[in-house]
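Annotated features, as they stand in Swiss-Prot:
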ACT_SITE  359  active site, proton donor
ACT_SITE  380  active site, nucleophile
BINDING   306, 336, 448, 450  substrate binding site
CARBOHYD  174  N-linked glycosylation site
CARBOHYD  257  N-linked glycosylation site
CARBOHYD  291  N-linked glycosylation site
CARBOHYD  532  N-linked glycosylation site
SITE      358  site 'Transition state stabilizer'
């Protein structure tokens, strides 16, 4: 049988054995050289070609190993990222039945609840990654920002799930799966950060009255009171509306609505827990005023867990809440008890009151904007890992339990490539009437780092005298003090002095406006592209 080398070894005339041996040696040497080129040089060239994709990864070698699973030699960065995300979707879909099986094997109701939360978060994450693939394909700056926001939310979802399971000692059952998903989410963010985007769009669009993702009709709605709005459905306890509970009205709202759907809730106290699921898009809930329409609940961590303890939760994109009070009345003795949890992208909370004690407002994930609202609490009462801006709000520390300290914020950013952070701008950070006379007995701080890359900036705001001179407090020892970013810029009031502030590597007294700009509506939440349509008042930059 002929061999591949036969043409080099066969002679039609008289064969010289020395020449034949030399030819054989040459061919073997050539074959070995080609082998080395293909199997040694080619991977090196791949690594050189695609190493930029992993340049912002915390573990670049691990990132490259993931990239090598799906890369082809002709793939550009965007194509590689898309293939990686497609595989990521499959992995999450495979994880869902694993978590569901474990849930069905557990009898403890609280543990089942934690696993139910994980299933919900995984389901949301599948959609967010799928949407990111479509956004990346458009190759524009605004869509790149969308993808970064959504993938940041995916990582937050996975970390939230792991936190929930860890609190019930369930992480060992799911830890391997979750650790893998968390790692891949971080790699996806690193790859996205390395993919260049066109410069043909400008995300900062000057001053306006809302981020760009708020339509002109939404603007008009947000300039109106509830009774003046032509609502799709009305909620009234006395039977004069379409429904007597908000939960019924939300459940009846159309799924995946592309236009604004308004539910008007008349004056009254509604004792219920409400969830605006991911399918309830572009939903607006409006009441008769923050002191007139009250939604109240009392779920808490003592009786369950933090994530589902909210009185109202919103996940559906484009959510608007206006002229309503959301409260959790569990009290300080019940520890974490959330009034409002928001994971809805491009959401607006306007002229609302949010009342509780510990963990009042869970700004969980995605882009959020709060305006002219009143938020009260004690420990970590604004927490989560959203990209969130508060403007013209009153942020009010209450009297905590004995031996407790007030923490205004506890930001939960876990990766430097996440486009998340808490920005408090043009706000009043003040003491409640019950705290004010005893504020020397209960210290109040601007925040503490919940996660390793915690990021919070307080700027152009009034800080009352209850703020401790050190300003910020550690979470545990020196955890995150080098990796966090905490900043203060142009604040005023008796608590605004920075001479006695903490000396952490990650703390910054900002003097350059350019350093403050990333925490504005324009840049942190790309507000110029979506708030315009809501009609809520806002400032996009640093100048009112």
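Every residue gets a Cβ built from N, Cα and C, even glycine.
A map of Swiss-Prot features onto the structure.
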{"residue": "257", "record": "N-linked glycosylation site", "DSSP class": "coil"}
{"residue": "291", "record": "N-linked glycosylation site", "DSSP class": "coil"}
{"residue": "306", "record": "substrate binding site", "DSSP class": "coil"}
{"residue": "336", "record": "substrate binding site", "DSSP class": "strand"}
{"residue": "358", "record": "site 'Transition state stabilizer'", "DSSP class": "strand"}
{"residue": "380", "record": "active site, nucleophile", "DSSP class": "coil"}
{"residue": "448", "record": "substrate binding site", "DSSP class": "coil"}
{"residue": "532", "record": "N-linked glycosylation site", "DSSP class": "helix"}
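Within 10 Å (C-alpha to C-alpha) of residue 450 (substrate binding site) lie the following recorded positions from 257, 358, 359, 380: 380. Highest Cβ count within 10 Å among the active-site residues 359, 380: 359. For residue 257 (N-linked glycosylation site), the nearest neighbour among the listed recorded positions (336, 359, 448), judged by C-alpha distance, is 359. Among the recorded positions listed here, namely 291, 358, 380, 358 has its C-alpha nearest to that of residue 306 (substrate binding site). Across the residues annotated as binding substrate (306, 336, 448, 450), the two Cα atoms farthest apart lie 18 Å from each other. Rounded to a whole number, the distance between the Cα atoms of residue 336 (substrate binding site) and residue 291 (N-linked glycosylation site) is 24 Å. Using a 10 angstroms CA-CA radius around residue 359 (active site, proton donor), the recorded positions that qualify from 336, 380, 448, 532 are 336, 380.
Note on the recorded positions 291, 336, 358, 532: the fewest other CB atoms within 10 A surround the CB of 291. Using residue 336 (substrate binding site) as the reference Cα, a 10 A cut-off selects 358, 380 from the recorded positions 358, 380, 532.
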